[in-house]
Amino acid sequence: MPTPSTFVDQTKIEVQAGKGGDGMVAFRHEKFMPNGGPAGGDGGRGGSIIFVADNGLRTLMDFRYRRKFKAEPGENGRIKAQYGKAAKDLYLKVPVGTTVYDFFTGEEIGDLVENGQELVVAKGGRGGRGNIHFATSVNTAPEIAENGEPGEFRTLRLELKVLADVGLVGFPSVGKSTLLSVVTSAKPKIAAYQFTTLKPNLGMVLLPDGRDFSMADLPGLIKGASQGVGLGIQFLRHVERTKVILHMVSMDPNNGRDAYEDYETILHELASYTEDDLSSKREIIVASQMDIPGADEKLAQFKKDLAAHGVDQEVYELSSVTHQGVDRLMSRAADLVSEVEAQEAEAAVKPKEEVKTKTYKYHRPEKMEFTVEKLADHEFEIHGEQLERLVAMTNLDHQDGIMRLARRLKRMGVDDELRAQGAVDGDDVYIGDFSFEFVQ
């Protein structure tokens, strides 16, 4: 397992898919055919950026020092109507359990929960069309081709939620890490002070009857965790993935705490988590540290308080030091994991998709929406995502391309809107990196 200083469960990155290759302006010049017509091929598709879930990874550490990723552009079109070669996609491995969000809107883009699952987070631009596509009866030798479409650019937030069948929850220093070290091969840091566990520790529990399940020792909770106090939201995020909660309450009579109040506080924080009501998960109540003198009396009072508040659950007594109750507790946890898995399988009405690759489709308006901003006297800027892409795909090195763009802008109503904003002949108009003089 990584050390506390290297565990990374949340990060921000930028992804830039590859630009499509430019279409080509070319003509056939074969023997006996000096004016053989257009023969410029299309550009190749730009590389997409694809996340791949890999269960060999445990953290988002790979994204800690490298935050910008760029795929290759497609190859330009060629002569003799030959297409340019498509660029290779850029695959980035992430841990299983990674959720991807748009950094600015907070919208969830995808959730990678299976090994090998893929998610296209930035799609490569399509190749521009060569001049073979623009021949008409009027213009049989078009000097026009499209530039490749820009690849998608996104700023993303990656969030790792540990995938564990069983999660150990409770106040700091109730024995969660000790239990994990006893029942698995995990080696968590253990000490008698708050927040020793600053990251989830994960291990596998193997029972004598052949059953197994994964268990996570999660950072300790305190009052107000659902609002971010202490390790707060960082902790609760990881509880989301668990099937069963082992709710550990210390029976140490010397810690000055009331066992039922601790139990109720943790339950309240689980229920208050804004993403999901975590208190609805299957729970086993565990009375920990039963080897400490005076623990029996505190346990008796805890059971009375539970009954008085209508909590009708068995309390499992545990000492990780003497191993009292460990086997029985692990067997019960395995039973509940199996029950939850059976319920999930029954609830799954749709068959599992064979294709594991998902492409996230970002919203694009059906119409080319745009706005006109007056920057200063005689200066205007036009904004609009699709309009800017149209300009970027226009080959401005050829007069035919410029005239075609002008016609499309006029049909879209750009000229009318500029006039309505007070534009006159000779005013400067900007669209992305492109500028032109307005002519009425």
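From the backbone N, Cα and C atoms, a Cβ is placed for every residue, glycine too.
Copied over from Swiss-Prot, here are the features:
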type	residues	note
DOMAIN	5-163	domain 'Obg'
DOMAIN	164-338	domain 'OBG-type G'
BINDING	170-177, 195-199, 217-220, 288-291, 319-321	GTP binding site
BINDING	SER177, THR197	Mg(2+) binding site
DOMAIN	362-440	domain 'OCT'
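Broken down with DSSP, the domain 'OCT' (362-440) shows 29 helix, 20 strand, 30 coil. The average pLDDT computed for the domain 'OBG-type G' (164-338) is 80.
Secondary structure at SER177 (Mg(2+) binding site), as computed by DSSP, is helix.
The number of other Cβ atoms within 10 Å of the Cβ belonging to SER319 (GTP binding site), over all protein chains shown, comes to 21. When Cβ atoms from all protein chains are considered, those within 10 Å of GLN289 (GTP binding site) total 23, not counting its own. In the three-state DSSP scheme, GLN289 (GTP binding site) falls into the coil class.
Of the listed binding-site residues LYS176, SER177, the Cβ environment within 10 Å is emptiest of other Cβ atoms at SER177.
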